[in-house]
Amino acid sequence: MDSSEAERMRGERLRVAVGGFGAIGKPVVRALHEGIDGLELTAVSARDTGRAETWMTRELGRAYPAMPLARLGEVADVVVECAPPQLLGELARPVLEAGKVVVALSVGALLSNPDLVPLAARTGGRILVPSGALLGLDAVQAAAQGEIESVTIVTRKPPESLRGAPAIEAMGLDLDTLREPVRCFAGPASEAISSFPANLNVAVALGLAGFGTERTMLEVWADPGVSRNTHRISVTSDSSNFTMQIEGIPIEENPRTGRLTPLSVISTLKRLTAPLVIGA
Ligand SMILES: NC(=O)C1=CN([C@@H]2O[C@H](COP(=O)(O)OP(=O)(O)OC[C@H]3O[C@@H](n4cnc5c(N)ncnc54)[C@H](O)[C@@H]3O)[C@@H](O)[C@H]2O)C=CC1
Ligand SMILES: O=C([O-])CC(=O)C(=O)O
């Protein structure tokens, strides 16, 4: 970050761009449009620019500039990544090369782009991972400053929210006729993401928060008995043992994603400039 960038971080408004215009991107764009202290929305990126412009004009009364993911870093200090996971590198590399900030939602894709963290370390860029659909990453990170003995996460999802996952297709599971819960995965978080690239970012975020994705143990259930994306996390460590559960209400437009996730991004954005930061 050069001195003019540093000045902007201190005094001027931070410029924010949003890459991906779906279940997470739209509410985040709306919140930035409605106003977050110290932040200014400068651009968005969508697969279908025309549709995004129509949506913004209808819903917000103006269309913010739309541009390709790889160019968002040219017009923003902070770029929110909420696009399909295979596009994380394309969006993040130029932002990090410029020493800027990526707020990453496709956390699982950090594992298949292992150059991004060293790139950020070299340039002074930063990758911020909101807690997203999860909870308690602050406590897991604190416990990791001591000795963690185990971290487990058991995920139960309504069958509908697992539709399209490669693992479900490989199992030949008919999600429409499930009567009983079916376990679709058991193993380390690091191995789950290739089978569920759009469903288990939370397990990778949990792993990265403390015990490592290879030691963080995950079970995934397609459960016709739940209507919410449910994650139950248990941690044992030399400072504390804790168990946490979250039941996320799926977003209608994209039931793979819960309502809390865009709110978590908005909260992360607010904390970029807030004078008081809780749970930092
Ligand atoms: N960390 C977390 O807790 C969570 C992470 N996620 C992840 O966040 C990411 C975004 O999730 P959602 O908003 O729910 O997905 P979504 O599928 O609703 O939205 C993604 C958007 O990106 C757009 N897109 C596709 N190709 C593009 C391109 N070349 N350029 C620009 N935009 C393009 C799509 O048209 C779509 O509108 C996904 O990777 C998802 O797995 C989702 C939920 C929770
Ligand atoms: O909403 C959820 O359960 C989490 C999710 O999709 C993800 O981690 O990608």
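A Cβ is built for glycine as well, from the same backbone N, Cα and C atoms used for every other residue.
Quick look at what TrEMBL lists:
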DOMAIN    20-130  domain 'Aspartate/homoserine dehydrogenase NAD-binding'
BINDING   ALA133, ASN201  NAD(+) binding site
DOMAIN    179-266  domain 'Aspartate dehydrogenase'
ACT_SITE  HIS231  active site
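Feature map: annotations from TrEMBL on the structure.
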residue : record              : Cβ within 10 Å
ALA133  : NAD(+) binding site : 24
ASN201  : NAD(+) binding site : 25
HIS231  : active site         : 25
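Here the C-alpha separation of ALA133 (NAD(+) binding site) and the residue listed as 'active site' works out to 9 Å. The predicted model assigns the domain 'Aspartate dehydrogenase' (179-266) a mean pLDDT of 96. DSSP assignment over the domain 'Aspartate/homoserine dehydrogenase NAD-binding' (20-130) gives 53 helix, 19 strand, 39 coil. Close to ligand 1, meaning a Cβ under 6 Å from one of its atoms, are these of the recorded positions ALA133, ASN201, HIS231: ALA133, ASN201. When the domain 'Aspartate dehydrogenase' (179-266) is classified with DSSP, helix, strand and coil residues number 20 helix, 38 strand, 30 coil. ASN201 (NAD(+) binding site) sits 12 Å from the residue listed as 'active site', taking the C-alpha atoms as the reference points.
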